[in-house]
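Undergrad: Pasting in a structure now, in structure tokens, and then I'll have a few things to ask.
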Amino acid sequence: MVNPDLVLITGDLTDGKSKDLLTMKQNEVEWVEYESTINDIIRISKLPRRIFYDLRGNHDCFGVPASGANYDFYQKYSINAKLRRQGRVQSITVENGGRKHLFVGFDSTMEIGLRGPTNLFGHPTDKQLIELDQALSQWDTGFDKVPVTKIAFGHFPLSFSALTESGKSIKDVFLKQSLAAYLCGHLHTRFGKNLKRYYHRAVQEPSLWEHYYQFNMHQGYAIQSNKENCSEEAVRTEEFWEWEMGDWRKSRSMRILAIDDGYVSYTDIDFRLGSKSIIILPTFPLDSRFMQRASASRDFECHIRGPSTFDTVRALVFSKHEIVSVSVKIYDSRPGTLEVVFDSEMKRVDSNETRGHMYLVPWNWRAFEDPSPSRFWLQIEVMDITGDTSISHLRPFSVNGLTARVNWTWKEFFVIGIQWASIYHPALWCALSLIFSLLLAPQVSAVVFKDQFTYKSLYTNGSERTLFKSLVGGFIWLFVELARVIPVWILLVVYTFYLVFLPWLFGHPITDDNLTYMTHRGWILKRPNSGNEVVHAGIPDVMVVVLPHLCFVLLPTIAILAAMAAERTAYREHYLSRSGKKKDDYYQKSRRQIEHENFWNGRWIRKFLCLLCLVVLWKHWKLCRALVKAYAMNPLLHSPVLFFFIPALMGFAIYKTSSI
């Protein structure tokens, strides 16, 4: 029905997981199914095989030792392999309407395909970035100066792409080339539907924090509407959009992308409710939230595109049946409700240059100039000969080229707004610094300030302190009491040093490979075809093991054991205060005093802390179980320290703090 020029499949062609989702390696049955499905699609649609481009995703290289090695079924069953498209960078040029449209796909999966979960990031190399830059600039020196629209596609979003060996980023190449868009996969629609991000080269040096996160889709973006910038010598805006595509597996999501006179637009289709008989893709004006670029403002101010670009509202319509009518409505949102200010029938353009049918209608675009990028909203309605109607989603537009700001949800920010590759090492050393501080600083305090951080001093001087000082003093006292339980404290310090300097676990990160080990610096592996050269593979991918263990197992363990030690001291003081009273000291107790004594005598705080121990042990067990399954390990032989130390330590600490 769509009859596209290109079909792009952006990775994760297969799942590569067992039914319990814990064992991750290649399954040839899945690849046979993939090949069969693609062959059926090509046969039914009658599209030429050469227009299909399928990239490899991280699921497609789980456990693959090297490209072309055993278990690399991508080289056997993928379309790219069958058409002998060699290399990790592929470029395609489509010419239409006096313009060139350049599509460049690249594969940044690991050279050594680790099993999951430590195979989560794209790992571009310096060589690959050079090839990518060359492919994107191949038409920049043409003598005919034909306009070129550049689009890149890959599997990993930039938030899950590591830096190269020399510290270079894919983002810098894309900004230099001023892409129209970068299309990617990897993430899933369950994380949100606004997995999009606008990048631009800042005039001033970006702050340190901008290397680690971006709070909203257009952070730091300001439009320069200055007509002095219309000269030919004006600096080109370095920018691009990143559009994550969602997933087909569960969300049944597909994207149709169109380029109209250099303007790139798209529509996403959800097939979970069945196939569509009508698909509508407005191509001009653009959605001011997700498709507008900063250069559009300069186009408007300087009339670079010419008036013919702005003179019509345009839309592509794909339909199974003959179209009877296509109409467009424009709403004004300024009155507080959507008020129709433009309503007109669109006419079909008879041309063989477009896929689908192009409909347009002239309009007085100057009447819609407005400083607000979301004042006017566009909607198109289509009816076919069977009486079925379809309405496009309402979308704001700005003929001025202004961009409407959109904020991510927290889930969207978490996966697309944080630069996870850059944040791993700062997060790792912050967590380790906090752990060592909680263990070492209280021990120093216990030695230097012997009588200051005790239960008696806090209790007797409590009325003389401010609330803030009481809270700080109480917090320090918790960990000082842990430092006084010497055997438990020593075990915690030794275990933390072990995690810094020694292997965390032993396993098989590659299918049918020899046993190797993982540290917080990655898996220790031999590089393929390089003799005995050893590499640390899986950086920053190992963060999915390292950070959860430090933050959700070790840190809570230290806090809970400190609270147990403090509870023992407080209970001892309460017990001694009651046992030291004479019989004639007793008097009629109030109800509140009785409840207070019952609370302490029942040691309810201790029981609650024991319950928290079970929660931490459950989290620890889940992590260990996943690692055992993922890397085919025997925990009794290959990683006893990681798997059994925390439960043993908790049991020992509970025993040590049980008596008074």
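Placed from the backbone N, Cα and C atoms, the Cβ positions cover glycine too.
A TrEMBL annotation is a machine prediction, not a hand-curated record.
Quick paste of what TrEMBL says about this protein:
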- 3-189: domain 'Calcineurin-like phosphoesterase' (DOMAIN)
- 275-402: domain 'TMEM62 Ig-like' (DOMAIN)
- 425-640: domain 'TMEM62 C-terminal' (DOMAIN)
- 426-449: transmembrane segment (TRANSMEM)
- 470-498: transmembrane segment (TRANSMEM)
- 542-566: transmembrane segment (TRANSMEM)
- 604-621: transmembrane segment (TRANSMEM)
- 636-655: transmembrane segment (TRANSMEM)
Undergrad: At a threshold of under 8 Å on Cβ distances, which of 542-566, 604-621, 636-655 pairs most often with the transmembrane segment (470-498)?
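TA: Stretch with maximum Cβ contacts: 542-566.
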Undergrad: DSSP on the domain 'TMEM62 Ig-like' (275-402): how many residues come out helix, how many strand, how many coil?
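TA: Reading the DSSP string over the domain 'TMEM62 Ig-like' (275-402) gives 17 helix, 56 strand, 55 coil.
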Undergrad: Near the transmembrane segment (604-621), which same-chain residues lie under 8 Å Cβ to Cβ, leaving out any that are not at least 6 residues past its ends?
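TA: Long-range Cβ neighbours of the transmembrane segment (604-621): 549, 552-553, 556-557, 560, 563-564, 567-568, 571, 646-647, 650, 654, 657.
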Undergrad: Over the domain 'Calcineurin-like phosphoesterase' (3-189), what is the model's average pLDDT?
TA: 91
